[in-house]
Amino acid sequence: MELRKDKLLMFYSEGKESKEAKWAVNDPMSKSYKLSLPSALRPDNLLPGNRLRYTDASKSKSSKVSWYKTILDPGSEIVLKWNWVFIVSCMVALFIDPLYFFVPAIGGDKNYPCARTDTSLSILVTFFRTIADLFYLLHIFIKFRTGFIAPNSSTRVFGRGELVMDPKAIAWRYIKSDFIIDLIATLPLPQIVIWFVISTTKSYRFDHNNNAIALIVLLQYIPRFYLIIPLSSQIVKATGVVTKTAWAGAAYNLLLYMLASHVLGAAWYILSVDRYTSCWKSRCNGEAGQVNCQLYYLDCDSMYDNNQMTWANVTKVFKLCDARNGEFKYGIFGNAITKNVVSSQFFERYFYCLWWGLQQLSSYGQNLSTTMFMGETTFAVLIAIFGLVLFAHLIGNMQTYLQSLTVRLEEWRLKKRDTEEWMRHRQLPEELRNRVRRYEQYKWLATRGVDEEVLLQSLPTDLRRDIQRHLCLDLVRRVPFFSQMDDQLLDAICERLVSSLCTEGTYLVREGDLISEMLFIIRGRLESSTTNGGRTGFFNSIILRPGDFCGEELLSWALLPKSTLNLPSSTRTVRALVEVEAFALRAEDLKFVANQFRRLHSKKLQHTFRFYSHHWRTWAACFIQAAWRRYKRRVMENNLTAIESMENEEGEVGEELVVVEEEECVEESPRTKMNLGVMVLASRFAANTRRGVAAQRVKDVELPRFKKPEEPDFSAEHDD
């Protein structure tokens, strides 16, 4: 025991293991059973006496592995949650990047405008862009630590395949596939261009800053947008859908459409600024005068330069480039200049450009009036193409998601229409049609068009059992007949219960019909009646409420030691008074449950069955009624016997006094006459009563008693 407790091994000098070592290694109950010999022979495991302490390799390995070296399962919960977080961060990053297009702006006054850079906006956008880049960097790290399913593994024939957890194989596969795209999407290229490239080449900033920013952002925007596609595919493979609700899916597609409008509006803005400054440059290069035009004069940083101020007073560049004069054709960019969009505050610029982009995408650019400038016409063509594709994509996906909200309702409407056509074709009477309509309506309200039985049968057995237990256990325990059973038997019952719905006026079973299931009422009321009382004119009716059951003839049949295949007949007619929800135990399932009943050996269960059985209740009521009648008859017989004895005694006394009565007949008092009349009436009543008792005895002999229900066998286990 001491060796087993400490898990110690001893090795002989010639290299043979001792019996103790073999015992410890071969014992499956020992923690050392999973360990290999090399892990036990490490020097740090040595103990005095040439003994080694056997440690749990799994625990020591897990304790030494750091969190950043852990390999993740691509289908695990943490990877799925990260994919959701990353796809949200990607959407935010895609909205942030086009904001760089609003950094170039037009400053100065109306008469002497100049090109400027919105520094405060640059700082703000750079800050949020850097945070978004950190999410991309973290995503690269997670992909280096996420396993994958072997593509050529033979295990993919069945199941999902073999999961590769080797860090080197994971890294090599990632580098060969998506690493380059992820790296390009992660690089902070706009920050580098704005804060390092343009700042160091200040003299050339006016010529190149707009084009450089637009080019860098657009080139990096493509791989960033591409990352959303495989990410959405991974979420769909793992969960089946991108969004959990239809409204979220519709909002997601609408957000993508707004993103396209956002990008289009930002591109239109920077092209408008570029078109405006291009006019300045062309007029500046062609201007000749006392003061030559220099390109840096057009920059707001040189506004306080003496030469620039002298040139601004005599130049005609700004007048010739004014969109109101019509000297220079701006085409689709004219509104940005005439409405001072390029010189407004950021929020004014942004929302106007967003509206312009949304308007052009929705109208496919039909209201655009372009010039002969090739760049402008190309931009208009792209607007028409992307507008058509994106709008069709939006409408299609929105329709799909929104239709999924009412797909069940639409199926029910189609089924209802088909049912109406069928009833009209078969010329069913209005009463039957109303019953069919009520049943379909009630079934829809109860299930919302979901076939619960098919849904549960498609799930694994263990999961189906847990769901049935959650749905049925509390309701089953409300039935007193089931409240006496243990949890194991209740689980078996819950697993076999099926829901049953009945509308008002429905006959669940009629007297004499075969019984195929036993019902346990959850909600509603049923009327159970019978005319089989053993005599003509017998009628008994009771109301079954939640907690009651009907069809116990099937239980008595199932509890028979050798029950036949023929189902029993119903002795009662059961009709729904209102809408009823119940659980049903079918005959084959009840046979299994009945076999479990026998193993309980419970008299209490037998008494509970008697108490809540309407057959036993009816028999008990008839039995008590018959006993009460017998008691009343005995009391009446005793009273009549006493009256007859009194009559006999009075008769003897009357014969002895007959002579006296005759002599005193003339002098008879009114009181004597009254006594004599009472005696005559009493004798007549006694005679009639004797005849009634005799007739009642004959009647009791002729009328059979109400048949006692069969006693279900709960106490013994029988061999098949």
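Each residue, glycine too, has its Cβ placed from N, Cα and C.
Sequence annotations record features per position, and here Swiss-Prot assigns nucleoside 3',5'-cyclic phosphate binding site to 481-605. Proximity of Arg545 (nucleoside 3',5'-cyclic phosphate binding site) to non-local residues of its own chain (separation of 6 or more, Cβ distance below 8 Å) is seen for Ile521, Arg525, given in sequence order. In the three-state DSSP classification, Arg545 (nucleoside 3',5'-cyclic phosphate binding site) falls within coil.
What Swiss-Prot lists as domain 'IQ' is 617-646.
Per Swiss-Prot, region 'Calmodulin-binding' is recorded for 597-612, and the stated evidence type is similarity to another entry.
Positions annotated as topological domain 'Cytoplasmic' by Swiss-Prot, on the basis of sequence analysis: 1-85 (among others).
Averaged across the topological domain 'Extracellular' (107-121), pLDDT in this predicted model comes to 83. The annotation topological domain 'Extracellular' is assigned in Swiss-Prot to 107-121 (among others) on the grounds of sequence analysis.
Feature annotation from Swiss-Prot assigns topological domain 'Cytoplasmic' to 143-178 (among others); the stated evidence is sequence analysis.
Here Swiss-Prot flags 200-211 (among others) as topological domain 'Extracellular'.
If you look up Swiss-Prot, you'll see 233-252 (among others) marked as topological domain 'Cytoplasmic', on the strength of sequence analysis.
Secondary structure by DSSP for the topological domain 'Extracellular' (274-377): 63 helix, 1 strand, 40 coil. Marked as topological domain 'Extracellular' by Swiss-Prot on the basis of sequence analysis: 274-377 (among others).
Here Swiss-Prot flags 399-720 (among others) as topological domain 'Cytoplasmic'.
What Swiss-Prot records for 86-106 (among others) is transmembrane segment, and it gives sequence analysis as the kind of evidence. Distant neighbours of the transmembrane segment (86-106): 113-118, 121-122, 125, 128-129, 132-133, 135-136, 139, 190, 194, 209-210, 213-214, 217, 220-221, 224-225, 227-228, 231-232, 235, 255, 259, 262-263, 266-267, 269-270, 273, 276, 342-343, 346, 349-350, 353; these residues of the same chain sit at least 6 beyond its ends, with a Cβ under 8 Å from one of its Cβ atoms.
Residues or ranges marked as transmembrane segment in Swiss-Prot: 122-142 (among others). Within the chain, the transmembrane segment (122-142) has long-range Cβ neighbours (under 8 A, six or more residues past its boundaries) at 68, 72, 79, 82, 85-86, 89-90, 92-93, 96-97, 99-100, 103, 179, 182-183, 185-186, 188, 190-191, 194-195.
The transmembrane segment feature in Swiss-Prot is assigned to 179-199 (among others).
If you look up Swiss-Prot, you'll see 212-232 (among others) marked as transmembrane segment, on the strength of sequence analysis.
Swiss-Prot lists 253-273 (among others) with the feature transmembrane segment.
Long-range Cβ contacts of the transmembrane segment (378-398) within its own chain (Cβ-Cβ under 8 Å, at least 6 residues beyond either end) map to 249-250, 253-254, 256-257, 260, 264, 267-268, 271, 332, 360-366, 368, 370. According to Swiss-Prot, the transmembrane segment annotation covers 378-398 (among others), on the basis of sequence analysis.
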Same-chain residues near the topological domain 'Extracellular' (107-121), Cβ under 8 Å, at least 6 residues beyond its ends: 99, 205-206, 209, 273, 277, 280, 298-303, 312, 318, 343, 346
Fewest Cβ neighbours within 10 Å, where candidates are the binding-site residues Leu497, Leu577, Val593: Leu577
Which same-chain residues, if any, lie at least 6 apart from Ser529 (nucleoside 3',5'-cyclic phosphate binding site) yet have Cβ under 8 Å of it: Phe539, Asn540, Ser541, Ile542, Arg572, Thr573, Arg575
Cβ neighbours within the same chain of Asp513 (nucleoside 3',5'-cyclic phosphate binding site) - under 8 Å, at least six residues apart: Ser569, Ser570
